[in-house]
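Chemist: Here it is: the structure, laid out below.
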Amino acid sequence: MEKWSLMTITVLLALTVRWAVSLGSYSGAGKPPMYGDYEAQRHWQEITYNLPIRQWYFNTSDNNLLYWGLDYPPLTAYHSFVCAYIAKLINPDWVALHTSRGYESQPHKLFMRTTVFVADLLVYIPAVILYCFSLKETSAKKKASTCALCILLYPGLILIDHGHFQYPLSLGLALWAVLCLSHDWDHLGSVAFCLALNYKQMELYHSLPFFCYLLGKCFKKGLKGKGLLLLTKLAGTVLLSFAACWLPFATDVEQIMQVLRRLFPIDRGLHRQDKVANIWCSLSVLIKIKNVISPRTQLKLSFAVTFLSLLPACIKLTVQPSLRGFKFALVACALSFFLFSFQVHEKSILLVAVPVCLLINEIPFMATWFLLVSTFSLLPLLLKDGLLLAYAVTTPAFLAVCLASFSILEKTSAEDLQLKAFSLSLKGYMSWFKSFPRIVRSLFLLSLLLMGVLSVLSAAVPPPPSLPDLFPVAVSVVSCSHFLLFLVYFNVVILWDSKNRGQKKMS
């Protein structure tokens, strides 16, 4: 009972912070002609409610795709329709075709914010709570509410979902999938992940770890017996899940192809105009890749680099499937996608950060560090949305909670960072490993100082006229440098994980 009381307080605190952040402005408020992501979500409700399904993804006189055309999978469209149906009952003007474009009012803002709040409350938060209670380690069980508090107070997700404006459903469904797999409910986990992928195509960041983990389990059971049966059932589950999601669009091939063209806009080029903390945007400071090679070649290049960077973790997970390895692979593969893949949005770092949240009980120091950097990488977007105050409050608060909950500065030994096997393999070659904890702490404090200084400069100092993007570029490059080092770290942990430990975690 005491655990549940603490968890109730944790949830109430998390909900209070979310609601407080949502009281501020939202993406694009009062900024015609596009208004921002808030208007995108509202416009999708307008389109899905007023137009037949066959027109949702097509450019027509009633659906100008240049004005926030639907570019997410069917489940997003269905969710927009449900929200629109409720909105229509409250105030038909909110979703009136054409005339509701750019609609702004306090009652509508309250309605839209409430829809995000409810999605968080029904999908994401329960998954976090159940995950924290399901942790097998005794010490972690005692700290279930502590883990949940740290995860639920992660500022990046709060600021984007409740400040910038988007729904946490795809990440919540992915968490449910992880939770199901941790209990060996592989078929339910497959359904949950298929739903996540059919809500947002960016869940492809997590697809390979799910595939490799389940395939590895089939191999271990033997592909001539139980393994083949499991593989067949899983394949059938995935096909049926996708068929159910895409059924209304299966009337003809052109419908399906048009949805796919909207989901994967190859012609937009390698990276967005915004300053994203990935390798392509950082390299553009030195060389304008978009001006040197064609979009098709850019796509091939990004695919090749992404594939090569995530290959080691996927191979290890397939050969030695374990829940621990699966969680680390989710981070490594998602980070590879973020750093090297095609058309990355700055918000996509959340696809890396949420799996890192799942590891906060195992590697509290590195998880906290990564989550702070991931929030910092969103700073240019947060400043654009008027979320400076929310960023300045939630980020130090999150750090304080992690310091108090896990004493992270005391968890910097090679063993605490899951690097003991790696350090033993280097014994005799690198004498500086003896002072490793002190070096790591120093780098962490230096990183905090650098992020703090850049945050203050970005918010308070006007850039020189000749370099208007100086601070966003600096934030992007600094964050990208951190992410590259984190990618190396997570891959080292995965590759040096012992076989026996991995097998033990399968139980």
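Cβ coordinates come from backbone N, Cα and C, glycine included.
All TrEMBL annotations are machine predictions without curation.
In case it helps, TrEMBL gives these features for our protein:
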- 1-22: signal peptide (SIGNAL)
- 110-133: transmembrane segment (TRANSMEM)
- 227-250: transmembrane segment (TRANSMEM)
- 325-342: transmembrane segment (TRANSMEM)
- 349-376: transmembrane segment (TRANSMEM)
- 388-409: transmembrane segment (TRANSMEM)
- 439-461: transmembrane segment (TRANSMEM)
- 473-496: transmembrane segment (TRANSMEM)
Chemist: What stretch, picked from 110-133, 388-409, 439-461, 473-496, has the most CB pairs under 8 A with the transmembrane segment (325-342)?
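Modeler: The stretch I would name here is 473-496.
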Chemist: Give residue numbers and ranges for long-range contacts of the transmembrane segment (388-409): same chain, 6 or more residues beyond its ends, CB-CB under 8 A.
Modeler: 17, 20-21, 24, 143, 146, 149-150, 153-155, 158-159, 163, 360, 364-365, 368, 371-372, 375-376, 379, 382, 441, 444, 448, 455, 459
Chemist: Please indicate, using numbers and ranges, the residues of the same chain that are 6 or more beyond the transmembrane segment (439-461) and have a C-beta under 8 Å from a C-beta there.
Modeler: 365, 369, 372-373, 376, 379-380, 383, 388, 391-392, 399, 409, 412, 417, 432, 471-472, 474-475, 478, 482
